[in-house]
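Annotated active site, charge relay system per TrEMBL: 129, 167, 339, in sequence order. The region 'Disordered' annotation in TrEMBL covers 135-166, 656-693. Sequence annotations record features per position, and here TrEMBL assigns compositional bias 'Acidic residues' to 140-158. The annotation domain 'P/Homo B' is assigned in TrEMBL to 416-551. Residues annotated as domain 'EGF-like' in TrEMBL: 555-591. Sequence annotations record features per position, and here TrEMBL assigns disulfide bond to 581-590. What TrEMBL lists as transmembrane segment is 790-816.
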């Protein structure tokens, strides 16, 4: 047990339905019945252990506990442990409320939601924290003082205990500071009602205190806002039994069966931490919110596969937030952290609930996923990725910055999502050990006969692993059949220092990155040790997938807001839409007049404006860096022009002959735009390479004539072009045999083409190192054959050099054993709460 956990003299019990249950309880004379309460229709009793002279600590009084556990009429017994919680941390200050301004880039568009008539009116938000100053002049009119409570001191006054407990009052101001009263600033949901629930107090919180606060006034509260949790950087901390039961009650019965909304700060452990060690954030029932600052994730944000989205949380590297504080004051001092991102998110959600009171707890999560976006935010940890449902997602920022105006819009037009289903895979026991810098890889296949889901919401992975030392250096990644990679556990230096001895752990991780994907196919779990400092063994694992059988967005017309301008045609796709622009316009929403630059300098394309250009605001397969109005417009890679950046190219549609009648089956362009003759004016219809790069003569060996950049997304076929260019199909008249390849790994030269293209489908494992295996059926001359041999010799020589470098690197890694530091000092973020791990 951690030194920061204190055993209390309080015990919580639940009785059986036997009529003798209560009488049985009274027979335990060493216990005093203090209080009765209910969670999820179950009756519990709070008891205190009657102290005596011989009792030094409650922990030593084991006889009383054992007596309760042996009583057949008592079915639940839990002695309470107090665990630490840490904070995450014409109005005069209106000009300081930059986060509410739609003019900042990127914007959360809160002012636009206000302009649409939404301010949180009718929505009740519980601030579960260290207390709320109920007399503060900027929030007092929005406070419900009839239904607030202090569970730490067990009284009806949630006021802070001392002058240092200002956290809850600061949270309240960001949520619901009043408008136009000449005091401080303005809350996101200035029309909402808030009530204080004090649970953070002295040396920690017990399970029963958390449970009662998380179900407080459960039929009257719509949203619970929690800006606290376990200490950052180390440990794996889960909710207690009673707190878990309380959240289940809120989800199933809260808001008259629509489900309470639980919003949680994701933590401030920096990129050296991972929120998946936090059982409060990695629950499918809670909404994890992380922090953003101008242009990127906030510096204190954690790697967090469970985080749904981000809001501005203030930053010393950017700008602090301004809000209310104790003693009727207003402050901007050190107001930074996911503590402050959380209430802003809760406020935005309240605007959506005002727009549609029938939203369920799952509807709210769907709308957050749908409306949040990357905008101009960079992920400083890793690149954004596009998941299998065409939605961009970040390892740190979730689905991006929340958008209040879009949330309100979607809420207005929303139909409740279908019933939630789930499926569980078999438990696998691979017993795979990593060594040095190796990665253990385990796979599980999900078939349609095993799982009735078609659209994923959450995925949890229950993993058991053991380690030789330094637990915090264990890293775990999960890859879906669509190729989406989720970093479930990453390097945590503080945890490695605290847990240096060998051990094992079983933990359930959660990810939202697969939202909307189809689960059918191979799922891959990767386990490794950070930089090979320790050995990790994957003992067992299984997945639980949550989602729906039918399309949850079938009712929703993505094009109803007419996003495509200048007569562009809108085409809905899952979680998104695409605009087919008219001849004269381009851009994600067909907003910009085309210029010659849109042809990427390809002067041989005689009429760029006549070509069909496709854009998809949820896809970024071609390294796009241009994000216009939060919509992804594609920039093509080298050798591609804006004529086509369409991932749905099917190479089988490509036809070509030597008469200049090329049609690629995608662009639908006039054949006059693409010629293929012996005068050096070749354009292949896919790469759009310059004619000088794609001549069709006997000496052309330019690799750029190949489809180097092509990937067939639908068939998930990798076209490996390493070492293969047009010279590989210009050998002698004798065909080169590739008979050792499997049937599906054959090479096919385009019919009637000579020396310009050979499209080879390779299996990387079988063929990537054998550069001589081809089956080119057209005759080649001996001169080109010699050139092929020379090219292959150069490639093999270069490959040998690279291989020697790899071997030397591995030898160095095997014998070099760097020492781990005895301690790691990291800066801290003020005004935050977290809970000590068990």
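Backbone N, Cα and C define each Cβ position, glycine as well.
TrEMBL entries are annotated by machine, without manual review.
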Q) Quick one: which of these recorded positions, 167, 581, 590, have their CA within 10 A of residue 129 (active site, charge relay system)? A) 167
Q) Reduced to three states, what secondary structure does DSSP give residue 590 (disulfide bond)? A) coil
Q) Which of the three DSSP-derived classes (helix, strand, coil) applies to residue 581 (disulfide bond)? A) coil
**Q.** Averaged pLDDT, computed only over the residues in the domain 'EGF-like' (555-591)
**A.** 83
Q | Rounded distance in angstrom between the Cα atoms of residue 339 (active site, charge relay system) and residue 167 (active site, charge relay system) | A | 9
Q: Summarise the region 'Disordered' (135-166) by DSSP state, stating how many residues are helix, strand and coil.
A: 3 helix, 4 strand, 25 coil
Q | DSSP three-state assignment (helix, strand or coil) for residue 339 (active site, charge relay system) | A | helix
Q) Going by DSSP, is residue 167 (active site, charge relay system) part of a helix, a strand, or coil? A) helix
Q: Provide the three-state DSSP residue tally for the domain 'P/Homo B' (416-551): helix first, then strand, then coil.
A: 12 helix, 70 strand, 54 coil
Q: Return the residues near residue 590 (disulfide bond), defined as same-chain residues 6+ apart in sequence whose C-beta is under 8 angstroms from its C-beta, sorted by sequence, else 'none'.
A: 564, 565, 566, 567, 568, 579, 581, 582
Q: Tally every other Cβ atom lying within 10 Å of the Cβ atom of residue 339 (active site, charge relay system).
A: 33
Q: Have a look at the recorded positions (129, 167, 581) and report the one with the fewest Cβ neighbours inside 10 Å.
A: 581
